[in-house]
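Listed features, source TrEMBL:
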| type | residues | note |
| --- | --- | --- |
| DOMAIN | 27-118 | domain 'Ig-like' |
| DOMAIN | 135-210 | domain 'Ig-like' |
| DOMAIN | 228-313 | domain 'Ig-like' |
| DOMAIN | 318-394 | domain 'Ig-like' |
| DOMAIN | 400-487 | domain 'Ig-like' |
| DOMAIN | 492-586 | domain 'Ig-like' |
| DOMAIN | 593-692 | domain 'Fibronectin type-III' |
| DOMAIN | 697-794 | domain 'Fibronectin type-III' |
| DOMAIN | 799-892 | domain 'Fibronectin type-III' |
| SIGNAL | 1-17 | signal peptide |
């Protein structure tokens, strides 16, 4: 409801007047009830509806529910606190409805706007399990939310992945509709596997619930297929109110992920729009009537496109265009109250007086009486809402009085000028007015005129007009008068007027102005440009006054800009009169932007562009430049090729040529004159050129290799801007070099890079000629250059011969063979596996080049039988295997380290002795011992081999040395014992077996 200032109204007459009437006034709302949603699960068991009015004397309050008076005695749920209505322990079927508040005092009654009370709720999701969704990789998926019963309708949706609070991130591949809550995935991949739950929130009641989990199971498919764009989220026909923000949703499934583009079919998208959520949301902010129209979203990928259109209709809440305000009126006078409201649909207007419907549709009062006083409300309503305007009408009656508005005591008038003496007494009914100068009664003449409102106008005043003037007022209730003195001053005159000026943008200009005036008065100079006052504080960077002041008002315009062109007026003014003089300033500069750029005569490689000339800024336009940008270049504008190449300055049309067919373009125009190049026009509406036959062929034709009986053909795909039309694909032609006829196949994927032709009759390593061309819905383009490739080789036909092997240790063996004498062999694969436990399928593999005919086998188990086979291979595959060769690995080396029994210093050497190691039953026989003598911190040193059980080693000259002793057998080297030698001292580590190392580490930790 609109609040209007209620003027202080009084009911006055000779016999009916009081002090209260002078200060009292009717109720004016300061706080009114608002629509309220009460959560059914609210811990606060009450609803408070506000109502407060400013009034003198204070107002009393009553409430109505659904047009029925509320009686607190009948329903103890209701309590009145001040003007507020409190509903305790509200009951849904009893307290839901529309509430209004009435505020009343001695001057009348006003009714508040309606406020609806509703109960809000959000039920839980069903406890039934959700079925799993199985989708092939590359296909789109839709997971349905199906929110539970709720009020109000406004909900927000998110989706949980596997566990709370892990919410799925939204990107160009995934989208959640805030209308239905459904989750859309444009193309599913393996990473989407998981359990999904719809999470629903109601901001109105601060509650959230989530559904049972829905398993999403991607099904692997190789190769992954591609699918055209398919719009699944389609915004409906939408109604919006002026000033609202709305969001249109559009999302498509497809592989590759479709791109979403928006357009308005009957014009450009509104300036106050934003595209978000990777294109899935079009948001229109602060909607206006001109935003109404049909909107389209287009989803596009390399496999095809889809589009959807719906209409946005704009309507409006009622809004006052003419309203009422509080007033006081003379008794017996006429008065009209007027209310006009705009809105769509057009609002219906009716009246209330003191809270009750008023029968009169046209509030025209003839001969006001005291009974017409009261509080009036104008109510405008359409389907979107209601607005109120309030005013108090007070009818008054009183004798004339000049108490609050006497005639001015001293009035100044400029010589030869015009003077108006005002006479405005308060009187009801209206008083008759007359004037006198001294004792002389004044009447209308050629120089003097008494206006209808009582003011006295004197023209061409002279010194003789000075004197005392008295205004007399009289009505049927009494008389009154008021007197003032008129003094005449010298007139103000312009002595130096500003002159016209012509400058180039960036230069400075000066406007002179000087005036003579009455010496007893102060003078000021006011400058305006095209009728608007110049603000020297705000525009101080360009406008400056002459610092000398006095009777000069010179204006300096610094660093002139194009918008400084205009008519400048200097006004010299005193408290009595003013006089003005004007001059024109012309600022020349580069042209302004052309307007109204539109596109006509759209062809496949050209369009006709039309525009209207912008401001030439006082220098003729010499030429125009046309620029364009396409969907592929996005933000990069480039100069377009036109016909004719040079667009003259008097032209308003040009043909743009050398465009790409089936490409979305927008255009802009830039004007140039001798002073420079101006700003570009606004972009034209986007248009798409017509389709045409492709002219660009794929490049880098090649191929060959692959599996036996296959012909692999490769190429570099054509870039999208060269598709030139829908249904783009490739035609591959190939033939053996000695055959006349070409075989042809079609590949419908525009992003395809290769094609494999399988035919059991294709001979191996045969020369083929291949060429590739593009096609679309309009036809076929030219072939590429012919390339020569070869069909795949056959696999080797022979197996390696004389395969033999021997064990080197418990874990290693060596195998060798006679090479296969075939030029197509690229290498050999050796497989080996345990004969007893392992199956052939779990064999280990070693691959060597064709230049090798032996290799080592590692990571074998000790004392175990192994089978070995060898086969040749090339790009076509593996040849037949050799015969299986069996070997036995050696027994394992000793697992126990030598025990150091003696460390003796002998001058410059040290003797290290150890006990003989006895191998276990499953370990190899000891052949001797290896002793490694190395610097501490290094891994290499001197290696000694001995069959003895001791050794003499030189003492280190500086630093520490480490001696490692281990038993040696045909199965390999055994566990290590270490001796550390440091400056004549010897420290022994008996064993470095895994168990011993762990024990030492634990002891060290305990010591710490």
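Backbone N, Cα and C atoms are what each Cβ position is placed from, and that goes for glycine too.
Just so you know, TrEMBL annotations never went through curation; they're auto-generated.
Counting residues of the domain 'Ig-like' (27-118) by DSSP class, helix then strand then coil, yields 4 helix, 52 strand, 36 coil. The DSSP breakdown of the domain 'Ig-like' (318-394) into helical (H, G, I), extended (E, B) and coil residues amounts to 3 helix, 47 strand, 27 coil. For the domain 'Ig-like' (135-210), residue counts in helix, strand and coil come to 3 helix, 34 strand, 39 coil, using DSSP.
Per-class residue totals from DSSP over the domain 'Fibronectin type-III' (799-892), listed helix then strand then coil: 3 helix, 48 strand, 43 coil. Annotation: stretch 593-692 has the most Cβ pairs under 8 Å to the domain 'Ig-like' (228-313), among 27-118, 492-586, 593-692, 799-892. Using DSSP to sort the residues of the domain 'Fibronectin type-III' (697-794) gives these counts of helix, strand and coil: 3 helix, 49 strand, 46 coil.
Using DSSP to sort the residues of the domain 'Ig-like' (228-313) gives these counts of helix, strand and coil: 6 helix, 55 strand, 25 coil.
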